[in-house]
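Inspection log for the structure reproduced underneath, given as C-alpha cells.
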C-alpha cells in the first residue's frame, strides 16, 4: 500500500512541474551545410575544410628555388636556343615553371618528335649534369663545325645556332661518312638529342653536304631509326624554307648509342645525365617569382595551408591539399541550430 502511494505522488509532482526542454542550446550561428538529403542546413558549429586562397606568386619549395624558364619553352631550354643561354648554368630545381606563350622555342622551324613525352620525362627530373657528349673541337675532324649557323637562331644580332647541337657541314669540298658512338658511363639515364636537316632544294643539299642521297642512322639497345632527308620547298617560317626535325632518346647506364650519317645530321654536342626527384614537376604559369617559401605550388600561386582540401587549381607540386571542385566544404561539429521542446 505504501509503494502505490509513492508512485501516485511522483506522478502528481511531475505533471505539476514547469515545462522541461530536452536537447541542446541554440546559438547565433549562421553556418550552413549541405547534407545528402538537404541543402543549406543551419548548424550550431562547423569547421572549414577547403582552402580557396593563394599568394599569386611562384615560391621556393622547402627552400629550393624553381627553374623559371621566362621567355623560353622546354624545347628552347633543352635544345639550347641561344636566347635561353642564361638558363644553361641551372643544375637543380624544385620544379620547372614555363609561361603559356614562350617566345623562344625551336628557333629553326621543324617538328619535335614525342615532345609531350619528353616534357613528361623532364617533369620528374630535379637536377641534371650537362656535359659534352661529343666535344666540338675533337669529335668531327673531317667536318666543319663552325659554319652551321642561321639567322633564324640569331643571337645579339648575329647568326647563331643551338648551344646543345652542332650543325655539321662539308669540309674541303667533301662530307665523309661519319660514325660516332658514346657509352653511357654516368650511372644514370642520359638524355641525348639530335636533329635531321631537310633542305628546301637540291642545290642547298649539294652545297652543304655534297651528296644527294643522304641518310642518318641512330641506334642503341632501345632505339633504332634510319632517317632520309625530305628535300622540298616549304612555306617560309622565321625566314626559312628548310626544316630541322628534332629527336631524343634516353640512354640507360652502360648502353651505347651510335650515330652514322653521310649528310644532314644535326649532331649532339651536349647531353644530360638525369637525376629524378620525388615531388618535381612542370607548371605553366604567368605568376612571377617572389622571395617566398611554400609547401605547395600551383599555377595560380603558392598555398600555405593545413586544410585537407583546396579548390585553387587541379595542378599542384609539393605537399598539397587534395583538389576538389566544390566552392564550400565544411565539417559539422554541432547539430541543427533549431531548438527542440517537449512538455512532460
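The backbone N, Cα and C atoms fix where each Cβ goes, glycine too.
Residues near residue 59 (disulfide bond) in space but far in sequence (CB under 8 A, at least 6 apart, same chain), listed by position: 289, 290, 292, 293, 294, 297, 302. For the recorded site, residue 59 (disulfide bond), the DSSP three-state label reads strand. According to Swiss-Prot, the disulfide bond annotation covers 59-292 (among others), on the basis of similarity to another entry.
All protein chains included, residue 84 (disulfide bond) registers 24 other Cβ atoms within 10 Å of its own Cβ. Under the three-state DSSP scheme, residue 84 (disulfide bond) falls in the helix class. Taken from Swiss-Prot, the feature disulfide bond covers 72-84 (among others), and the record attributes it to similarity to another entry.
Here Swiss-Prot flags 107-153 (among others) as disulfide bond, drawing on similarity to another entry. Look at residue 153 (disulfide bond): DSSP puts it in a strand.
Look at Swiss-Prot and you will find 296-320 (among others) tagged as disulfide bond. Every protein chain considered, the tally of other Cβ atoms within 10 Å of the Cβ of residue 296 (disulfide bond) stands at 21.
Per Swiss-Prot, N-linked glycosylation site is recorded for 27 (among others).
For 28 (among others), the entry in Swiss-Prot reads N-linked glycosylation site, with the evidence type sequence analysis.
Here Swiss-Prot flags 40 (among others) as N-linked glycosylation site, drawing on sequence analysis.
Counting every protein chain shown, the Cβ of residue 71 (N-linked glycosylation site) has 14 other Cβ atoms within 10 Å. Secondary structure at residue 71 (N-linked glycosylation site), taken from DSSP and collapsed to helix, strand or coil, is coil. The annotation N-linked glycosylation site is assigned in Swiss-Prot to 71 (among others) on the grounds of sequence analysis.
Around residue 104 (N-linked glycosylation site), the C-beta neighbours below 8 angstroms that are at least 6 residues distant in the chain are 71, 72, 73, 76, 81, 83, 84. Classification of residue 104 (N-linked glycosylation site) by DSSP places it within a strand. Annotated N-linked glycosylation site per Swiss-Prot: 104 (among others), in sequence order, evidence recorded as sequence analysis.
According to its DSSP assignment, residue 142 (N-linked glycosylation site) is coil. Sequence-distant neighbours of residue 142 (N-linked glycosylation site) (same chain, 6+ apart, CB under 8 A from its CB) are 171, 174, 176, 178. As annotated by Swiss-Prot, N-linked glycosylation site applies to 142 (among others), with the evidence given as sequence analysis.
The N-linked glycosylation site annotation in Swiss-Prot covers 172 (among others) and rests on sequence analysis. For the recorded site, residue 172 (N-linked glycosylation site), the DSSP three-state label reads coil. Other C-beta atoms found within 10 angstroms of the C-beta of residue 172 (N-linked glycosylation site) number 8, with every protein chain shown included.
Annotation source Swiss-Prot lists N-linked glycosylation site at 286 (among others), citing sequence analysis. On its own chain, residue 286 (N-linked glycosylation site) has 99, 100 as residues at least 6 apart in sequence with a Cβ closer than 8 Å to its own Cβ.
Annotated N-linked glycosylation site per Swiss-Prot: 304 (among others), in sequence order, evidence recorded as sequence analysis. When secondary structure is read from DSSP and collapsed to three states, residue 304 (N-linked glycosylation site) falls in the coil class.
Among the features that Swiss-Prot reports, signal peptide is placed at 1-17.
Annotation note: residue 296 (disulfide bond) sits in a strand segment as assigned by DSSP. Here the Cα atom of residue 107 (disulfide bond) is found 28 Å from that of residue 172 (N-linked glycosylation site). Cα-Cα distance from residue 296 (disulfide bond) to residue 304 (N-linked glycosylation site): 7 Å (rounded to the nearest whole number). Distance noted between the C-alpha atoms of residue 153 (disulfide bond) and residue 172 (N-linked glycosylation site) is 25 Å.
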